[in-house]
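Novice: Here you go, one structure.
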Amino acid sequence: LDWIRVTFRECVSDDVQLAGFYLALVTIACWMSAQVPQLVLNYRAKSARGLSPYFLLQWLAGDSFNLIGCVLTGDQAPTQTYTAVYFVLSDLALLCQYTYYERDGARARASASDDEGSVSGPMSPVGGFVLAGAAALALTTMTTNSAGEASNGMLREAMNVTDCDYNANPAWMQSFGRGVGYLATCFYLGGRLAQIAKNRRRRSVEGLSLTMFALAITANVAYGTSVLCASHSRADVIRSLPWLLGSFGTVSLDATILAQ
């Protein structure tokens with residue numbers, strides 16, 4: 001459909017792909033609001049002790065590598081890349097909250113030891129470093145794409161390929177980007193396991209927003225299904241495998257947190 005191609009720079013040629021496109025919009029809507037309930041809950045309680053710092057740090061790392069992987073592969077939908085930038089910013093907001101509230105909480109309970117300790121020291125520089133790197137990478141990519149748009153159009157015409165088939169990134173960069181995508185999946189899964197372990201040690205999920213995890217499940221199921229709908233062949237599925245594992249793989253772990 002021309003309006004989707006012009007507005008979203010995505011190609012839809014049949015009803016299955018159209019369904020996948022609308023599922024992708026559902027994914028974006030869920031992720032845009034997923035972390036808001038947790039931010040509100042932390043603010044009202046003036047505490048973020050329900051969250052595992054290792055969950056937050058690995059979530060940030062996963063989203064950062066997801067963004068880098070999207071840029072390097074060059075075949076991800078633009079909406080996915082833009083949403084990945086928002087993920088990083090949302091993760092940093094949660095990390096800032098955790099750092100702020102747990103720093104104050106640590107002062108109030110100086111004589112007590114927390115089960116995982118305060119991470120306010122290393123967290124801020126790690127978050128700042130990741131944000132700076134992700135922002136610089138995104139800015140460089142957008143600048144390069146803008147500058148090379150005309151020449152890419154001429155190259156597409158010379159190669160007789162469509163916008164949907166063309167990928168300006170070299171093969172080694174696309175392969176490396178998929179490797180980064182697998183690394184992001186490892187962080188996504190590891191972060192959930194850290195949160196599950198903390199819940200089990202505390203025998204409580206107090207301080208966690210169940211709405212956040214419910215929205216995460218909805219978003220991941222919708223995203224994984226949208227990728228499958230957009231795939232033309234088995235090769236397309238294999239190319240998208242890092243992101244499929246990251247989405248479907250975390251669903252069971254988020255469901256475990258809900259069950260806890």
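Please read every residue number as a count from 1 along the shown chain.
Each Cβ is built from the backbone N, Cα and C atoms, and glycine gets one as well.
On a predicted model such as this, the values are computed, not experimentally measured, just so you know.
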Novice: When TrEMBL marks a stretch as transmembrane segment, which of 124-144, 208-228 is it?
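Specialist: Among 124-144, 208-228, the range TrEMBL annotates as transmembrane segment is 208-228.
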Novice: Select from 60-79, 180-199, 240-259 the stretch of residues annotated by TrEMBL as transmembrane segment.
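Specialist: In TrEMBL, the transmembrane segment feature sits at 240-259.
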